[in-house]
Amino acid sequence: MPPGPWKSCFWVGGLLLWLSIGSSGDAPPTPQTKCADFQNANLFEGTVLKVQFLLFVPSNPSCGKLVEGSSDLQNSGFNATLGTKLIIHGFRVLGTKPSWIDKFIRTLLRAANANVIAVDWIYGSTGIYFSAVKNVFNLSLEISLFLDKLLVLGVSKSSIHIIGVSLGAHVGGKVGQLFRGQLGQITGLDPAGPEYTRASVEERLDAGDALFVEAIHTDTDSYHYLLCDHMRAVDLYISVLENSCPLMAFPCASYKAFLAGHCLDCFNPFLLSCPRIGLVIQGGVKIEPLPKEVKVYLLTTSSAPYCRASFLTSRNSISSCGNGNHNHLLQRINSHHSLVEFHMKELRNKDTNIKVTLLSSNITSSVMITIPKQQWQGKGIIAHATPQCQINQVKFKLRSSSRVWKKDSTTIVGNFCTALLPVHDSKNTVCLPEPVNLQASVTVSHNLKIACV
């Protein structure tokens, strides 16, 4: 782990001391840079709110300056002509500094020429979760008063971007409400669930809290909010900022519908401008006015850099695919979503489940697609860590029936096609040239040739 600000400051001081001892004459000592760091609290005193604002600037991204009033800001390198980004952490079980905060700040300053202010409310967020929730309103007031000082220095409301993690996302929402939704942007990274799943819009992060609001959920299937550090959303965002994994998402009614391949483009409501995670204006959406609230979905890998190639798998004699321009865009940004389809030659009176696996060198990705009884086609979304044109093989396995006392001799025949998302027409659909013959519980492999765009 890289050294924290205090450790960096100590070694700089040691070097300056050695130089002054080794030199002759009465030259005045070189002034040392004083860096501030997060507080540490314990379970007994950590519920009492005590807030610090730490400023980090591009010229010295590892050294925080404690700023309270306008004079502190003016004397610490704050530049009112740049954008300002506030990072607000969430609940801290043990009262320690967030393990991710130093890397987040450094990466953010490399990605954007901006002022970065870390809101340290370790005191107030430690110990008992529900005590931390009670501190949200008072913390929001303190942050809004601090932002008022920035406005006095000439900072515009629209240039302020709040990034809140877990409970900090709802703090950001409350601050945005206090400014009547006129702040530039709020990004919520895994907004906290407990006490907020049924909260009113006045109590939680909401679409109206800023000119642009994005909430990124990576743990919607499990709610270990009291113990987890919400590192997945933070790591995902850092990965995007490092430009190693820009990610594109697709509007859909639900995650289940997205995985089933029902949402293949961004025409409605974004007119083909698919939203992206990261420091892009309005999330990459290029329509005006913005829709009030839209749910979008994407697939990632389980570890950094989180990029996946997503493919819609379908066994189909007729399939659709993305056009050339959008394929090129997806290749460039390393976000690979694809459709896979299977089209049956004959109808069946029972559901048909087929495992589809895409392979490129030593990387594999799989998805189970279901063809409902008396229907011709099944499809789904599959993710892969390499561009679609590097996929060289596809494997199929027809799931057998659950009757263990009788061997399943089922055989089916169908056509398989795949297409890169977003899908707007059928120009770039790739289909296997021959029908696929499958027998229950038997793996069948076919070579797959996809041209690089």
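In case you wondered, yes, glycine gets a Cβ from its N, Cα and C as well.
Lifted from TrEMBL, the feature list:
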- 1-25: signal peptide (SIGNAL)
- 17-222: domain 'Lipase' (DOMAIN)
- Ser166: active site, nucleophile (ACT_SITE)
- Asp190: active site, charge relay system (ACT_SITE)
- Arg204, Asp206, Asp209: Ca(2+) binding site (BINDING)
- 224-306: domain 'Lipase' (DOMAIN)
- His230: active site, charge relay system (ACT_SITE)
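Nearest Cα neighbour of Ser166 (active site, nucleophile) among the listed recorded positions (Asp190, Arg204, Asp206, Asp209): Asp190.
Arg204 (Ca(2+) binding site) sits 13 Å from Asp190 (active site, charge relay system), counting Cα to Cα. For the Ca(2+) site, the Cβ centre of Arg204, Asp206, Asp209 serves as reference, and the other residues of the chain with Cβ at most 8 Å from it are His170, Gly173, Lys174, Gly176, Gln177, Val201, Glu202, Glu203, Leu205, Ala207, Gly208, Val213. Taking the C-alpha positions, the distance from Asp209 (Ca(2+) binding site) to Asp190 (active site, charge relay system) comes to 17 Å. This prediction places the mean pLDDT of the domain 'Lipase' (224-306) at 78. In this structure the alpha carbons, written CA, of Asp206 (Ca(2+) binding site) and Asp190 (active site, charge relay system) are 13 Å apart.
Within 10 Å of the C-beta of Asp209 (Ca(2+) binding site) we count 28 further C-beta atoms, all protein chains included. Ranking the recorded positions Asp190, Asp206 by C-beta neighbours within 10 Å puts Asp190 at the top.
Residue density at Ser166 (active site, nucleophile): 28 other Cβ atoms are found within 10 A of its Cβ, drawing on all protein chains shown.
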